[in-house]
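Chemist: Structure incoming, see below.
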Amino acid sequence: MDEAGGSASGGGFRPGVDSLDEPPNSRIFLVISKYTPESVLRERFAPFGDIQDIWVVRDKHTKESKGIAFVKFARSSQACRAMEEMHGQCLSPSDSKPIKVFIAQSRSSGSHRDVEDEELTRIFVMIPKSYTEEDLREKFKVYGDIEYCSIIKNKVTGESKGLGYVRYLKPSQAAQAIENCDRSFRAILAEPKNKAAESSEQDYYSNMRQETLGHEPRVNMFPFEQQSEFASFDKNDNRGQEAISKRLSVVSRVPFTEEQLFSIFDIIPGLEYCEVQRDPYSNFGHGVVQYFNVASAIYAKYKLHGFQYPPGNRIGVSFMDDGSNATDLLRKMATQMVAAQLASMVWNNPSQQQFLPQFGGSSGSQLPQIQTDVVLPSCKKKAPPETAVKERLFIVFNPRPLPLDVLEDIFCRFGNLIEVYLVSGKNVGYAKYADRISANDAITTLHGKILNGVRLKVMLADSPREESNKRQRTY
């Protein structure tokens with residue numbers, strides 16, 4: 001864009017460069033005739049609200065209009081209503097072409113957005129866990145026509161997580177809800193879900209994602225070698241003065257996307273959920289992150305509070321009350337950490353396995369020990385090696401692969417397991433099943449879970465390649 005002309009004549013407030021997107025989505029982008037003067041724009045758009053400024057984009061040499069303009073409103077709902085009512089209209093009888101109106105691109109978004117963009121109509125709210133979808137609809141229907149309401153629930157227990165979505169038919173209705181609802185709902189525009197399907201092993205090998213933004217090795221969730229740091233964490237962060245939970249609030253002076261938020265917090269194994277939020281009253285980045293266990297959440301806060309992303313911008317991480325009992329959470333955390341450290345010490349150092357009898361059982365015929373909060377089925381017999389393969393699973397381990405005997409013990413519990421194996425030099429493996437239902441049960445139960453201190457990602461594998469192209473196995 002070469003140069004913008006025009007200003008908020010008449011003594012109006014003209015926002016500075018840093019406040020162009022405050023509140024977010026309060027600026028509209030217009031495609032107009034090159035001969036449309038600023039006065040006509042002001043006359044036609046003033047009925048929708050308080051205009052803070054108008055920019056007509058002009059050629060920097062000839063000073064002629066390029067047929068593009070921006071109008072900055074004081075409120076997001078005013079800009080959205082202007083877009084809804086003026087898009088496709090003619091500004092004057094002499095105009096031969098209707099104008100186009102979009103919500104202007106901000107520094108944190110990739111393109112201008114139109115009236116049908118889901119990003120402008122779906123809001124994210126924090127609600128009491130006792131709320132039903134009908135309660136949510138009743139609270140927010142006063143702001144406009146609702147297309148749907150949904151409450152985020154725990155996949156295992158079915159209980160509400162205290163978070164929900166409301167989608168309106170029009171962007172202006174969503175903006176009105178954000179501006180006028182009770183502040184306790186902390187309503188913001190919801191970030192669109194990533195439409196790209198989760199990659200399978202092809203993407204894993206071709207796009208081996210950087211484990212941290214600083215190209216550092218992935219950190220250990222249970223850093224017992226750094227116990228002095230854990231001791232100082234209590235002093236520096238005043239844990240006793242805030243409720244400890246599995247849910248974290250993330251604040252940044254620079255906006256971030258959901259993919260960036262995931263990349264940062266997936267450094268810590270056990271990430272269950274993350275959501276980018278949009279604050280209509282600032283251009284800051286806001287997000288909610290939740291882990292499967294409190295140990296991961298505490299370590300994430302300890303490790304990532306003050307982390308610089310991008311360089312020079314420190315993010316703030318704090319606990320959010322999720323209604324859990326802190327005493328029970330800390331007790332579980334201590335149990336998980338001790339169990340994981342013991343399992344790691346035993347399984348990664350064969351010389352330590354002689355100490356297994358001290359913890360029960362005989363050393364001769366002892367089954368592999370599995371430390372996890374996941375409820376696993378009882379052991380089942382493997383299918384014969386010559387059985388036809390009906391489904392293959394691709395397994396990603398973080399931070400290290402599980403021993404093969406432990407892996408086999410875990411995956412055979414779903415029945416019809418033919419074999420499980422690891423890929424040499426990689427933190428990945430495969431499991432072959434003779435039954436698709438058994439394979440799907442394994443995915444449902446194990447994906448995203450932590451076993452023996454190792455987080456698993458379990459997904460359907462790509463179709464087997466020709467025998468000559470199969471990857472080498474290591475048993």
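Please read every residue number as a count from 1 along the shown chain.
A Cβ is built for glycine as well, from the same backbone N, Cα and C atoms used for every other residue.
Automated prediction, rather than curation, is the source of TrEMBL annotations.
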Chemist: Scan 1-20, 201-220 against TrEMBL and say which stretch is down as region 'Disordered'.
Modeler: 1-20
Chemist: Per DSSP, what is the residue tally for the domain 'RRM' (121-195) in helix, strand and coil?
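Modeler: When I sort the residues of the domain 'RRM' (121-195) into the three classes, I find 24 helix, 25 strand, 26 coil.
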Chemist: DSSP on the domain 'RRM' (391-463): how many residues come out helix, how many strand, how many coil?
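Modeler: Secondary-structure breakdown of the domain 'RRM' (391-463): 22 helix, 30 strand, 21 coil.
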